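Engineer: Pulled the feature table from TrEMBL, pasting it below:
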{"type": "BINDING", "residues": "B:His2", "note": "Ni(2+) binding site"}
{"type": "BINDING", "residues": "B:Cys75, B:Cys78, B:Cys91, B:Cys94", "note": "Zn(2+) binding site"}
Amino acid sequence: MSSVYSQSLSKKVPLLPSKTLLINRDIQSENRAAAQRLRLAFTQTGTFVVNLVSSPGAGKTSLLEATCRWWKNKWKTAVLVGDLATERDADRLRPFVPVQQLTTGGGCHLELPLVEKGLAKLPNERFDFLFIENVGNLVCPASHDLSEHLRVVLLSTTEGDDKPGKYPKMFRTSDVMIVTKMDLAPHVPFNVEQATLDTRRIRESIDVIEVSSLHDQGISHWCRMLEQRRNTMLSERAIP
Amino acid sequence: MHEISLVRSLVRQVDQIATDHDANADAVQDITIEIGPLSGVEPELVRMAYDQLCNQERRPPATLTIELSSLQVSCLDCESDTELQDFTFRCGQCHSGRVRVISGDEFRLLSITFEEGATLA
């Protein structure tokens, strides 16, 4: 016999002779709730938050550089960059937009408290878009809600088209897949159709966009998609 | 390996629940958790991280029981449930890809067992 422990921490539950408390609680429930609160706050201020995830070297920073180049000053944009140790990615983006480096000190993924610290160091302005460049890793970042409206996974043509099947959680939890380094596709054994097919077996509704950040290929499509998604967020916000 | 931070959060919650019941953390005999194949959490790494944390914090080691859940989806089109054998998210009946995960993404604290004689509020 056991008693059920509710989500409320303050409620004391009498214990039955077995001395086993049934709890049945999501271990990350506090983090999820905090992320949801922050997401709602961003929605209210009209800031569309994008969490960029991929393996190391898939081109997250290059995609952001191309995005900033394309938009110029069209939207107020800020970037939080997660990295294990250096500030190199942040340095690449500073010429374009306000950037705050989040150094995890060896940690393999970003968590919400670190994102909140980074936010506090950004200029105190309202942004239209906030990009969070996660640590390069297709495993751990999948389990951490950073309050984003959109999770975007990058898959580069140089890393092989078998990634979706190997890292199902990451592709299942992403809304958009960007196939990067398309300029190299003719030179490598990467099959875009196969990768798309594999990803859609995991997440049927995922959007797929092919880009080459170095040559601004597909960047207009990507930027338009972001603007549309932000508009959808704004219009849904208007509904009471 | 994010299991270290997840296990730290788990142990903090167990301690809090023990405190809420006026029990000493030492009285915790077993912690039972559930891990699903789509949780992004590796059971073996959780075990390693837990042992390491108990060592570091010189905690009396309560046993950690890990229950593994299966991956199940519910179809948004025909409403039937399917247990998946791999990560192909399709309905077993109508093969629609419009499915919702109903089991398999859990990382949950199921129960805590206190030792005999522990007094709890």
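Keep in mind that glycine also has a Cβ here, set from the backbone N, Cα and C atoms.
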Engineer: For the binding-site residues B:Cys75, B:Cys94, which one has the sparsest Cβ surroundings, going by other Cβ atoms within 10 Å?
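Structural biologist: Relative to the other binding-site residues in B:Cys75, B:Cys94, B:Cys94 has the fewest Cβ atoms within 10 Å.
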Engineer: Distance check, please: Cα of B:Cys75 (Zn(2+) binding site) against Cα of B:His2 (Ni(2+) binding site), rounded to an integer number of angstrom.
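Structural biologist: Pair distance, Cα basis, whole Å: 31 Å.
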Engineer: Nearest to the residue listed as 'Ni(2+) binding site' in three-dimensional space, by Cα, is which of the binding-site residues B:Cys78, B:Cys91, B:Cys94?
Structural biologist: B:Cys91
Engineer: Out of the binding-site residues B:Cys75, B:Cys78, B:Cys91, B:Cys94, which are near chain A, with a C-beta less than 8 A away from one of its C-betas?
Structural biologist: none
Engineer: By the DSSP assignment reduced to helix, strand and coil, which category contains B:Cys75 (Zn(2+) binding site)?
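Structural biologist: Strand, per DSSP.
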Engineer: Counting across all protein chains present, how many other Cβ atoms fall within 10 Å of the Cβ of B:His2 (Ni(2+) binding site)?
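Structural biologist: Cβ-Cβ neighbours of B:His2 (Ni(2+) binding site) within 10 Å number 22.
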Engineer: Excluding B:Cys75, B:Cys78, B:Cys91, B:Cys94, which residues of the same chain place their Cβ within 8 Å of the centroid of the Cβ atoms of the recorded Zn(2+) site?
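Structural biologist: Close Cβ neighbours, site residues excluded: B:Leu76, B:Asp77, B:Glu79, B:Ser80, B:Thr82, B:Gly92, B:Gln93, B:His95, B:Ser96, B:Val99.
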Engineer: Under DSSP, is B:Cys91 (Zn(2+) binding site) helix, strand or coil?
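Structural biologist: For B:Cys91 (Zn(2+) binding site) - judged by DSSP and reduced to three states - the answer is coil.
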Engineer: Looking only at Cβ atoms, how many others are within 10 Å of the one on B:Cys78 (Zn(2+) binding site)?
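Structural biologist: For B:Cys78 (Zn(2+) binding site), the 10 Å Cβ neighbour count is 13.
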